[in-house]
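Engineer: Quick one: the structure is below, and I'll ask about it shortly.
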Amino acid sequence: MTAILERRESTSVWARFCDWVTSTENRLYIGWFGVLMIPLLLTATSVFIIGFIAAPPVDIDGIREPVSGSLLFGNNIISGAIIPSSAAIGIHFYPIWEAASIDEWLYNGGCYELIVLHFLLGVACYMGREWELSFRLGMRPWIAVAYSAPVAAATAVFLIYPIGQGSFSDGMPLGISGTFNFMIVFQAEHNILMHPFHMLGVAGVFGGSLFSAMHGSLVTSSLIRETTENESANAGYKFGQEEETYNIVAAHGYFGRLIFQYASFNNSRSLHFFLAAWPVVCIWFTALGVSTMAFNLNGFNFNQSVVDSQGRVINTWADIINRANLGMEVMHERNAHNFPLDLASVDAPAVQG
């Protein structure tokens with residue numbers, strides 16, 4: 001018997017690295033987008049944790065009145081936040097080497113820009129990594145498309161809005177109470193609750209939650225029993241089996257009788273497309289709404305639009321919202337200006353003497 005030995009071609013370190021990065025056999029897929037994503041998100045997370053614990057106060061309004069946001073400077077988990085960059089910086093790119101010292105960089109809120117820019121690039125790379133893994137496995141690309149909705153929303157809030165307003169100091173603080181403060185100020189300045197794209201976003205979030213709960217409960221309630229009544233129904237299935245685990249006809253029949261026939265899907269692909277598309281499209285619209293309000297194309301304004309025959313204003317709910325908006329606008333940045341912009345820009349009424 002003759003044995004033939006073949007010499008294995010030696011592959012370079014770079015080739016082996018490429019094979020490892022793009023291998024779908026790894027426990028966690030890395031991918032070329034992952035090579036970028038991992039350091040970006042690690043940087044954003046590390047700086048966020050350190051800043052949340054120990055960052056010194058930041059001169060957010062650019063008026064030499066620093067605002068404390070970290071735990072070591074008197075905050076708790078609820079009130080703590082990474083304070084946005086100073087209005088004195090505006091939307092300038094402000095890396096560490098642009099400041100005269102680390103103290104100056106911290107005082108002007110350099111942490112915020114560093115975290116936000118690394119985070120946005122990181123989540124964009126995560127989306128690319130989803131597409132990359134789908135491509136390697138021969139799957140369709142819609143997982144990454146669905147993830148584009150939260151990526152668009154984060155980009156609108158953390159990047160487009162500050163650009164439109166002219167300063168990263170108008171971005172959302174990275175904390176619990178800071179998020180609510182951002183929402184209140186956004187309503188005061190842009191009347192977002194009266195913007196149709198925000199209304200679509202609310203419908204997407206609440207509707208998506210409702211549809212998810214309905215779908216999950218219907219599927220769980222219509223499992224095809226493969227076991228005896230003395231065993232768990234879960235024991236009758238194995239991961240990756242070809243046979244369906246639930247009876248869509250039974251689920252369709254139940255829901256059709258519960259509401260009406262045409263309110264229920266009888267096609268699994270149509271159903272799951274709808275479950276994915278509804279929240280994704282609605283969040284796309286919300287991101288688009290925030291991006292337009294960034295440039296002050298605001299929500300509907302029906303203030304004092306109802307008057308009687310004598311021209312006297314008949315107050316409506318819109319006027320009450322307007323008064324609430326003015327109150328919120330007066331309260332924020334209270335030391336940066338004497339009047340809210342809406343009041344300061346109106347001509348003073350003539351005084352009869």
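Glycine too: its Cβ is placed from the backbone N, Cα and C atoms.
What you are looking at is a predicted structure, and each value in this text was computed from that prediction instead of being measured.
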Engineer: Per Swiss-Prot, which one of His198, His215 shares the quinone site with Ser264, Phe265?
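Structural biologist: Answer, per Swiss-Prot (quinone site with Ser264, Phe265), from His198, His215: His215.
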Engineer: Of the ranges 175-196, 197-218, which one does Swiss-Prot list as transmembrane segment?
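Structural biologist: When 175-196, 197-218 are checked in Swiss-Prot, transmembrane segment belongs to 197-218.
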Engineer: Out of Tyr126, His198, His272, the binding-site residues in the record, which is closest to Tyr161 (site 'Tyrosine radical intermediate') when you go by Cα distance?
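Structural biologist: Ranked by Cα distance from Tyr161 (site 'Tyrosine radical intermediate'), first place goes to His198.
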Engineer: Quickly jot the same-chain residues contacting the transmembrane segment (274-288) by Cβ under 8 Å, restricted to those at least six beyond its ends, or write none.
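Structural biologist: Hits for the transmembrane segment (274-288): 142, 145-146, 148-150, 152-153, 155-156, 197-198, 200-201, 203-205, 207-208, 211-212, 215, 265.
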Engineer: Using CB atoms and a 10 A radius, I'd like the single residue among the recorded positions Tyr126, Tyr161 with the highest neighbour count.
Structural biologist: Tyr161
Engineer: Tell me the coarse DSSP state (helix, strand, coil) of Tyr126 (pheophytin a binding site).
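Structural biologist: Where Tyr126 (pheophytin a binding site) sits, the three-state DSSP reduction gives helix.
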Engineer: Could you pull out which residues elsewhere in the chain have a CB under 8 Å from any CB of the transmembrane segment (118-133), counting only those six or more residues past its ends?
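Structural biologist: Result: 24, 29, 31-34, 36-37, 40-41, 43-44, 47, 139, 141, 143-144, 147-148, 150-151, 154-155, 158-159.
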Engineer: Please list, in sequence order, the residues in the chain of His190 (site 'Stabilizes free radical intermediate') that are at least six apart in sequence and whose C-beta is under 8 Å away from its C-beta.
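Structural biologist: His190 (site 'Stabilizes free radical intermediate') has long-range Cβ partners Met293, Asn296, Asn298, Gly299.
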